[in-house]
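According to TrEMBL, the feature active site, proton acceptor maps to Tyr24. The active site, proton donor annotation in TrEMBL covers His102. TrEMBL lists Asn76, His82, Asp89, Leu103, Ser104, Arg113 with the feature substrate binding site. What TrEMBL records for Arg19 is site 'Transition state stabilizer'.
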Amino acid sequence: MTNTVYVLNGPNLNLLGMREPEIYGADTLDDIAAMLEDRARELGLEIEMRQSNHEGHLVDWLHEAQAEGAKAVLLNAAAYTHTSIALLDAIKAIRTPVIEVHLSDPSTREPFRHHSYVGLAAAKTVQGLGARSYLVALEAVAEL
Ligand code: CA2
């Protein structure tokens, strides 16, 4: 196993920091990547940060994380969280632990965000802390 943590981000998260800061905060995905890299260095971990608007890319990257011997995956599947049986199956198909991450707290938002397919197979969920959700999830990986 390597010390690499894949951080996979789903649809529209490339727009982070540009719209809806009252929900998702002012940090961009690059800001979050920089924060994670700083903390990862202290924890002796490496970050592989990716974003895609395409469900299949996220499935392929989950498989890749396992094939490359990643220590864990932090997954913010964005809207696919609430729709994707393909992502649920991919998480179940790999042995690499997956931690579900959300900036907002979907359980306090619209009812269609209350169900998470990702959460059915994730080792843990960290949500509602803004960009800090990613940092708390990374700290949980260091304890795996
Ligand atoms: O809170 C989260 O991290 C979410 O995964 C974000 C998703 C949402 O569908 C989930 O329910 C909760 C949406 C990401 C959209 O990102 C945007 C960023 C900037 C402007 C608009 C959307």
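One is the number of the first residue shown, and numbering goes on along the chain from there.
Glycine too: its Cβ is placed from the backbone N, Cα and C atoms.
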Same-chain residues at least 6 apart in sequence whose Cβ lies under 8 Å from the residue listed as 'active site, proton acceptor': Leu16, Gly17, Leu103, Ser104, Gly130
Here the recorded positions are His102, Arg113; which one has the lowest number of other Cβ atoms no more than 10 Å from its Cβ? Arg113
Those recorded positions in Tyr24, Asp89, Ser104 whose CB falls under 6 A of ligand 1, listed in sequence order: Tyr24, Ser104
With an 8 Å cut-off on Cβ-Cβ distance and a minimum sequence separation of at least 6, pull the same-chain contacts of His82 (substrate binding site), or say none. Pro106, Phe112, Arg113, His115, Ser116, Tyr117
Between the C-alpha atoms of Arg19 (site 'Transition state stabilizer') and Asp89 (substrate binding site), the distance in angstrom, to the nearest integer, is 31
Any idea what DSSP makes of Leu103 (substrate binding site), helix, strand or coil? coil
State the Cα to Cα distance, in Å, between His102 (active site, proton donor) and Asp89 (substrate binding site), rounded to an integer. 20
Starting from the Cβ of Arg19 (site 'Transition state stabilizer'), draw a 10 Å sphere and report how many other Cβ atoms land inside it. 10
Position of peak Cβ density within 10 Å, selected from the binding-site residues Asn76, Ser104: Asn76
Neighbouring C-beta atoms (10 Å sphere around the C-beta of Asp89 (substrate binding site)): 13
